[in-house]
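Asker: One structure follows; several queries about it will come next.
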Amino acid sequence: MATRSPSIVIGDDEPGYDLDLFCIPKHYAEDLEKVFIPHGLIMDRTERLARDVMKEMGGHHIVALCVLKGGYKFFADLLDYIKSLNRNTDRSIPMTVDFIRLKSYCNDQSTGDIKVIGGDDLSALTGKNVLIVEDIIDTGKTMQTLLSLVQKYSPKMVKVASLLVKRTPRSVGYRPDFVGFEIPDKFVVGYALDYNEYFRDLNHVCVISESGKAKYKA
């Protein structure tokens, strides 16, 4: 039986990094507490996850399913590393891509009401090996709902890669197959993670400030 890959665990008392140490867009300078995961660390970790995916799923055609919008940066970078491995190693796998868009957040809370509001026809997943790529697992309810939806199309295999998993008492206990970082129960933005559609244009994963939440509240 396949085992889930390990992750980098960021402790509850992790201080993060001062904003002044990084290039932060000026329009967000007053809206963030700190840089939590620098972009370079994200990229290095993503490269390793690509190797883990190849080891676990290599040899079979993969349909990579991107969960929009927050997952698009991680999705693009992960697939770039997989493509590099395809070019430079003896083991390669053909890949195709699909997209699905879900909505479960209002302000900084996961509503638990999961809506599929866009995406391709998922009948293309039938009989395929599917890699779902997500930005963050919070309560886990969204992913459980998506997995139930995907299973209706009878894929051959389903694996989930998430850049982040949040430690939270609200969790239903779901854990993805591939995890970049396990983080404390803080609301993070950047690297395509948003707060009411803002902050997707940050390179780093950052902790939003209370003033930032108030400024961009829906």
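Here the Cβ of each residue, glycine as well, is placed from N, Cα and C on the backbone.
So Swiss-Prot lists these for the protein:
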ACT_SITE  D138  active site, proton acceptor
BINDING   K69, 134-142, K166, 186-188, D194  GMP binding site
BINDING   D194  Mg(2+) binding site
CROSSLNK  K115  SUMO2 cross-link
CROSSLNK  K115  SUMO1 cross-link
MOD_RES   A2  N-acetylalanine
MOD_RES   K103  N6-acetyllysine
MOD_RES   T142  phosphothreonine
Asker: At a 10 Å cut-off from the C-beta of K166 (GMP binding site), count the other C-beta atoms across all protein chains.
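Answerer: Looking across every protein chain shown, the total is 21.
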Asker: Which secondary structure state does DSSP assign to T142 (phosphothreonine), in the simple three-class scheme?
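Answerer: Looking at the DSSP assignment, T142 (phosphothreonine) belongs to a helix.
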Asker: Taking just the CA atoms, what is the gap between D135 (GMP binding site) and the residue listed as 'phosphothreonine' in Å?
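Answerer: D135 (GMP binding site) to the residue listed as 'phosphothreonine', Cα-Cα distance: 12 Å.
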Asker: Distance between F187 (GMP binding site) and the residue listed as 'active site, proton acceptor' at the Cα atoms, whole Å?
Answerer: 10
